[in-house]
Amino acid sequence: MRPGAQQYVVARPLYSEESFAEEHEKVYRQRKTMLDHFVQYFRILCHCRCDRKRAKNAALSLLPIIGWIKIYKLKEWLFSDIVSGISTGLVAVLQGLAYCLLASLPPWYGLFSAFFPVVIYFFLGTSRHISVGPFPVLCLMIGSVVTRIVPDEGPPLNITGFEGLTSDEQRVLVASSVTFLVGIMQLAMGILQVGFVVMYLSDTLVSGFTTAAAIHILVSQLKFVLGLQVPGLSGPFSLIYTLEIIFNKITSTNVCDVVISLVILVVVFIVKEINERFKSKLPVPIPIEVIMTVIACGVSYAFDFKKRYGIEVVGYIPKGYESPMAPNLPIFQETAVEAFPMAIVGFAVAFSVAKVYSVKHDYTIDGNQELIAFGVSNIFGASFKSFAASTALSRSAVQESTGGKTQVAGLISALIVMIVTLAIGFLLEPLPKSVLGAVVIVNLKSMLMQVREIPYLWRRDKPDCVVWLATCVAAVLLGLDLGLAAGLGVELLSVVLRVQFPRCSVLANIKGTDVYKDRKDFINIYEPDGVMIFRIPSPLFFANIEFFRSKLLELGFNPLRVLRKRNKALRRIRRLLKKGCLQWTSVSVMRQRSTSLILAHELDLPTDFKDLPARINWNAELPANIVVPRVDIHSLVLDFAAVSFLDISALKGLKTVLKELIRIEVMVYIVACDPYVLQKLHDCCFFDDEVQSSMFFLTLHDAMLHILEKHPEATERKADFGKVTNCLF
């Protein structure tokens, strides 16, 4: 005993599940069915109309602004929100123009996406710190749909509603219709309370997916950085084909675009590193993207880069907003499969960022309300020709790091975007597109640096590393939509394989305790002769019941084979007794019926000694050269502490295994069984004359003490275990 160690002494009866249930009365709880939950849900909705308090709670849940606006500290928070809103708004203008290129749309439509969704999220969103607007991965996914339906080269798909529209107008119609559909899907998921679907996108999968998306974004911006005319491609291997076209046209590179891009990349990268390193000393981050954009606009206008060097500029930006537009229903049918992953990815990224800031600033967010907020934002924005919105990591970081306290900062950033759209957008007309491409590329640093996770994942969790690599490679080669589906498939497969092939172990008692651990991990252990403790660390279901059975066979014997051998041996003994070739030494031979023919299935029946004068010790030496496999254990304990559920296939397989073991005189005990699992066994008529409920024990130690009572010779050979029984019970 360790000096000064805390001890506890327990004196209680030895409990099986049956004896514990007899002594301790349970509280009856009526389990609600799915129908009961539906009835309760709609009853609450109906009562909300009449119940003032419930109506108030419903309003607060649907309009979170009511909750936080009441606690808004005007004097303390307003100035910070204004500073943050202005800083975020300037970045939002630039990123709106830049990310719009990823969507293969005219740049000024990015300003719409940085305005309309922000206004709606101000009222409906639960996060106080994320900056809603264009997200590069989502823009790229929209761009792949746009270029598939309205390609750069060749005619568009034959869709009703394209008649009389220019190529840009057709693309805007496609992007807004897809966004409207994404919004409908997100709103539906929010209303149906299925925000939990994002839980299936693990951090590893999202990391691999966003890294692949960053590679796609990088390649898509090379044509602007190099000043090349490269058609937008979509579908599997589109990235490979795009690189092939770029390399074939590399001799046509515009040197002016390359120089501008390199200058922007170097300067912005250096200043961003300074912002990161000295963020605690800087009152606000240096808005280097905005500064460089203003400088590039001035230089491009002064030296007339468009005519002198032939570079591509943003061009005409119309003032004001365009009239609302209804979505195109045929486009819904054409893009439904691609819209669903957009809805999931947009919500997953925004929710994960919102969750980080909610933990940091100690407030709660509601996943289902976030789905509703983004759904309504995208539906409303799509009506005014914006494309799908989520949140950009860098823009949200600016809003939070510059002191933003609430979505008032987001509303002010939307006002900045509106001012640019209505009044000063023309100043951005000479801006080279290579500047926007460089800004997009430099903001990919955090996503591209996620490749550093690979060595860490390989050392810590190889299946997670495989998920990361499979998702990234699939998304790079097959496209983001198919890549996400492939990554999700690999992720679910890895979970199934881990559960299908769990790490089963044989446990042993740690001397002087009631603790049982893997026998391979400890030296000072005690194992009674003839007893084996087998731990199953996962649920049992149709996919792993055979694995469980095979692991039991690795204990040293096949119970069905042993049973058949014993029945064959018993048949031979009966024959020899009948012929008089054998006789019992202490008891006379009983009259034997003829057993000249035994069917094959009879060999699987329990061994029958009723017409013999005594039982046969199968581990002793048998006469007439009869050989039967030895079974060195008399008791098998199955630790079900980690078995959370059983399906019907596993239930049947488990019963078969138990019967095979019981028929060869190996007593089976199941310990720490979940009450739900035990109740299911009763409901499914699992128990019979052979498999009885008395084999279930409350704890592993209860079962061990019961075994030692039935087989006291084990305690005589191993006196150390007496310390356990004396100390604890």
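Start at 1 and count along the chain as shown; that gives each residue its number.
Even glycines carry a Cβ here, placed using N, Cα and C.
According to TrEMBL, the transmembrane segment annotation covers 78-102 (among others).
Here TrEMBL flags 108-125 (among others) as transmembrane segment.
As annotated by TrEMBL, transmembrane segment applies to 132-151 (among others). Residues of the same chain lying 6 or more positions beyond the ends of the transmembrane segment (132-151) and with a Cβ under 8 Å from any Cβ of it are 92, 95-96, 99-100, 102-105, 110, 113-114, 117-118, 121, 125, 157, 159, 167, 170-171, 174-175, 178-179, 209-210, 213-214, 216-217, 220, 231-235, 238, 331, 334-335, 338, 341-342, 345-346, 349-350, 374, 377, 387-392, 395, 410, 440, 443-444, 479-481.
Positions annotated as transmembrane segment by TrEMBL: 171-198 (among others).
What TrEMBL records for 205-226 (among others) is transmembrane segment.
TrEMBL lists 246-270 (among others) with the feature transmembrane segment. Counting only same-chain residues 6+ beyond the ends of the transmembrane segment (246-270), those with a CB under 8 A from a CB of the stretch are 219, 222-230, 288-289, 292, 296, 305, 309-312, 432, 434-435, 437-439, 441-442, 445.
Positions annotated as transmembrane segment by TrEMBL: 282-303 (among others).
The transmembrane segment annotation in TrEMBL covers 339-359 (among others). Sequence-distant contacts of the transmembrane segment (339-359), counting only residues of its own chain at least 6 positions beyond either end whose CB sits under 8 Å from a CB of the stretch, comprise 126-130, 132, 135, 137-138, 141-142, 178, 181-182, 185-186, 189, 195, 197-198, 201, 203, 206, 209-210, 365, 367, 370-371, 374, 378, 388-391, 393, 396, 400, 480-481, 484-485.
Residues or ranges marked as transmembrane segment in TrEMBL: 371-388 (among others). Outside the transmembrane segment (371-388) by six or more residues, the chain places 62, 100, 103, 105, 109, 112-113, 115-118, 120-121, 124-126, 132, 134, 138-139, 142, 172, 175-180, 182-191, 195, 321-322, 324-327, 342, 346-347, 350 with a CB less than 8 A from a CB of the stretch.
According to TrEMBL, the feature transmembrane segment maps to 408-428 (among others).
Under the heading transmembrane segment, TrEMBL lists 466-493 (among others).
According to TrEMBL, the domain 'STAS' annotation covers 521-707. Confidence in the domain 'STAS' (521-707), given as mean pLDDT, stands at 80.
For the transmembrane segment (108-125), same-chain residues at least 6 beyond its ends with a Cβ under 8 Å from one of its own Cβ atoms are 62-65, 92-93, 95-100, 131-134, 172, 175, 314, 317-318, 321, 369-370, 372-374, 376-378, 380-381, 384-389, 407-408, 410-411, 413-414, 417-418, 420-421, 425.
The stretch in 78-102, 282-303, 408-428, 466-493 that contributes the largest number of Cβ pairs under 8 Å to the transmembrane segment (205-226) is 466-493. Long-range contacts of the transmembrane segment (78-102) within the same chain: residues 108-111, 113-114, 131, 133-136, 139-140, 142-143, 217, 220-221, 224, 284-285, 287, 289-290, 293, 314, 387, 392, 394-395, 398-400, 402-406, 408-417, 420, 428, 431, 433, 436-437, 439-440, 443, each at least 6 residues beyond the stretch ends and with a Cβ under 8 Å from a Cβ of the stretch.
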